[in-house]
Each structure stands twice: as structure tokens, then as C-alpha cells.
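Presented below is the structure to which this report refers.
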Amino acid sequence: MKPAIPPTINLHTIRACNYGCKYCFAGFQDCDTGVMPQADLHEILRQFAATTGMAIHPAKVNFAGGEPMLSPTFVEDICYAKSLGLTTSLVTNGSLLSERLLDKLSGQLDLLTISIDSLKPGTNRAIGRTNRQNPLTVSEYLDRILKARTRGITVKLNTVVNRLNLDEDMTDFIREAQPIRWKLFKVLKIQNENSAHFDSWAIRDEEFVHFVERHRKVESSGVTLVPESNEQMYGTYGIISPDGRFIDNSQGTHRYSPRIVDVGITQAFADVNFSMAGFQQRGGIYSIKRSTTNRSLQTSALHPKRELTK
């Protein structure tokens, strides 16, 4: 029997992003709202929290985008989700993280996921993983990770494996960063989102496997490595668009449910295809353990420390 809703939802609160990653599939081209109204966002959170007994408790909400930190109310929204008893998670490119914001998120944000597709400035520029300034450096990533962890926020990393970063070796960085999990996605094609020039980024299954195997040794450092093929990503995520609708990506496109605030979260979710077995198989349920510091994460002479902008 299909669950009422998945135990984790990806709540895409905003379309805008300060980066321009060319293979991004979260542009929501058919979405008629740029930023989710806060009243709708909080209503969706309330409905989601009310169903946690049907899936897993505490249920988890991933705040995503676009770049969710561009929303002027993202800290307030995370705090509201936390007040409902939800596990809170933020997926960000990390460029807007500051000590001031991390101070506000301390005790409210359970999991910080930073998307890092390359450690090479030239590759990041070619991908579009930059804004008007230079891409983040290795030392800047490590500084953000350390400052989050010392505030009691667990850190996870995401990487999209594609044609440009396929031969990169990130082992030393991951060992130093010590995320609780490192998720590796094979670059995913979504029709009408990133399909126009997808061949420029696409890789073969065996190339993805080689990238994963090259990095298996990070597991000996206590990092959980989680690879996801395209097949594992289709139909296994509870995705909510900025206009408050579930998205069905099971057929390689985005098909939208009715608005949750109009029909209710259970009825809206019934309109999309979701595989709970697939969700579990890809490791969708896992423990988040906070740590205040990690001796493996030290800023070395090779990567001189840079302070965050307050």
C-alpha cells in the first residue's frame, strides 16, 4: 500500500539561484510562482508534520531551491519547521553561508547539505557553479563546514558526477571535510528542464561506477558514500515545487499535482508516482548524528583559513 506521504520531503521554496549550473533540473520551468508564499509554506509544513506517524518520526524536511538562502524568510521557516518537531535540513551551494546565519541556525538546523561538484575553479566556471565573484575555494568550503559543525549542525555533501568532473579525485578533500554522508548523483536528465544540451554533460553508467569506486576509500575514514544512479532517482523523491505542488519525475519529466493547500497533502501526493521501496533502497532513511567538532577537519597550511563574511 502506498504510504500517505514519504518520510522526507524536498521543499523547493524558491526558483531563483545565484549560481547557473547548466545541468540543473530544479529550474521549475512550468512553475508559475517564483517564491513560495510563507503562509502556504507553513501550511504545508503543518500538514506534513501531522502525518509523521504514518511514515517515520521525526519526519524530515529538506529546504531546497534554487538557492533556498535567497528567500528572505528561510531562517524563520526553518525555525518554524523545527517547532513542529520536524528534522530540518538545508541544501545549499554554500556561497551565502556566514557566521551570523550559522549562529541563527544553531539549535534549529539539524543537517546542512552543501553541493560541491568540483574543487577546480575552472571546472566550476565551466559548469556555471559560480556567481559574479570567484567560485568557492577548498579552504572556504572547509571553513564553512567547520563553523557549521562547531555549532552542532551535522554536515552532508552532494556531488553531481558529469562530463566535466568525471576524472576528478576528491578523496583528500572528503577525508578532511568528514561529512556524515557523501551523496554522488549521476547527472540526471529531466525533459524541458536541462534536456536541451544534456549530451554535453551526460556520462555512461560505467563511467559513473568508476568515479564511485575511485572514492570508495573515503569509507575507511568514516564517511558513508551513497551513489545514486538515474534509475534510483526517478520516482523516489517527495518533491514539492515553489508553487506548492508535488512533482512526479518518474518518467523523466516534471508532472505536477494539484496545489497542496487546495486539496490537502495526502490527496496531492496520491496524484504522483512514488516508490517507497525505491526510497528505502537508495538509503533515504538514515540517522542524523550531531557532532560539535571533528579532529579530522583541520585547516592545513595547504588550505589557509579564511573567515566567513559576517
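Glycine is no exception: its Cβ is also placed from the backbone N, Cα and C atoms.
Residues annotated as [4Fe-4S] cluster binding site in Swiss-Prot: C17, C21, C24. As annotated by Swiss-Prot, domain 'Radical SAM core' applies to 3-221, with the evidence given as sequence analysis.
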Neighbours of the [4Fe-4S] cluster site C17, C21, C24: Cβ within 8 Å of the Cβ centroid, same chain, sequence order. Y19, G20, K22, A26, G27, G66, G128, R129
Relative to the Cβ of C24 ([4Fe-4S] cluster binding site), which residues of the same chain, six or more apart in sequence, are found under 8 Å away? C17, E193, N194
Starting from the Cβ of C21 ([4Fe-4S] cluster binding site), draw a 10 Å sphere and report how many other Cβ atoms land inside it. 21
